[in-house]
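Student: What follows is a structure written as structure tokens; I'll ask about it next.
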Amino acid sequence: MPYRKYREKKYETKYREAFKVFQEKIGITFTDEKLLIQAFTHSSYVNEHRKKPHEDNERLEFLGDAVLELTVSQYLFQKYPTMSEGELTKLRAAIVCEPSLVRFANELSFGSLVLLGKGEEMTGGRERPALLADVFEAFIGALYLDQGLETVWEFLKEIVYPKINEGAFSHVMDYKSQLQELIQRDGSGNVEYQILQEKGPAHNREFVSRVTLNNVALGLGSGKSKKEAEQQAAAEALKKLKEQL
């Protein structure tokens, strides 16, 4: 056997073993392992191995992007029943953006599994954020094709959803949503808002709102609308609660 073929065979054996260990790590065994390998195959690797029937991960990335948006959307819709469409959209965008996907990928050492061409390898492709984010989406696409939406949901429940529950994306929420998330996380009870006062002429009204937790006042706020007053009350409540932590 020519040395080049021997080297390539050894390389592929090494990667197949790595994928076996990876599946054991995440507790998922692919029915079609070719899909798993494809999810981690960069176009640069395919370009350098044209004589072999390799397929890159770009189509799986396309599919995974849609599956990820759907599953995260469903989770947020169920978790935050009072959150507005605009706030849900902002929160979802923060969860599926490139830096977040890179974080998820790095937690599972996705970079070490990627099949790269020599040029891409030499220029640091294995650690390139855009590449890692694409691989994470491609993996979701492969998992969906191989085992369906339920398994994708279970995987995200281990890797992604806990970050939401820990408040990793709270910075993109409005004050009311942040307060609601904090209270839910601690299991402290129910938050309620009450308009205490409306004052001023019709063209220049001012509202005063109070937010309570289990009938205990947490914050007061005022604004030109009920919504603004509630947001300010929530902001004051958040400040107080964070000082106590």
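Yeah, the Cβs are placed from backbone N, Cα and C, and that goes for glycine too.
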Student: Return the residue out of GLU48, GLU55, GLU58, GLU61 that Swiss-Prot annotates for the same Mg(2+) site as ASP134, GLU137.
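Tutor: So the Mg(2+) site in Swiss-Prot includes ASP134, GLU137 plus, from the candidates GLU48, GLU55, GLU58, GLU61, GLU61.
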Student: Within the domain 'RNase III' (19-148), count helix residues (DSSP H, G, I), strand residues (E, B) and coil residues, in that order.
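Tutor: Helix, strand and coil residues of the domain 'RNase III' (19-148) number 95 helix, 2 strand, 33 coil.
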Student: So, by DSSP, how many helix, strand and coil residues make up the domain 'DRBM' (174-243)?
Tutor: 33 helix, 25 strand, 12 coil
Student: Between GLU137 (active site) and ASP65 (active site), how far is it from one CA atom to the other, in Å?
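Tutor: For GLU137 (active site) versus ASP65 (active site), the Cα atoms are 5 Å apart.
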Student: Name the residues of the same chain, 6+ apart in sequence, whose Cβ is under 8 Å from the Cβ of ASP65 (active site)?
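Tutor: Result: VAL96, GLU137, GLY141.
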Student: Counting Cβ neighbours within 10 Å across all chains shown, tell me which of the binding-site residues GLU61, ASP134 comes out on top.
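Tutor: Checking each of GLU61, ASP134, the winner is ASP134.
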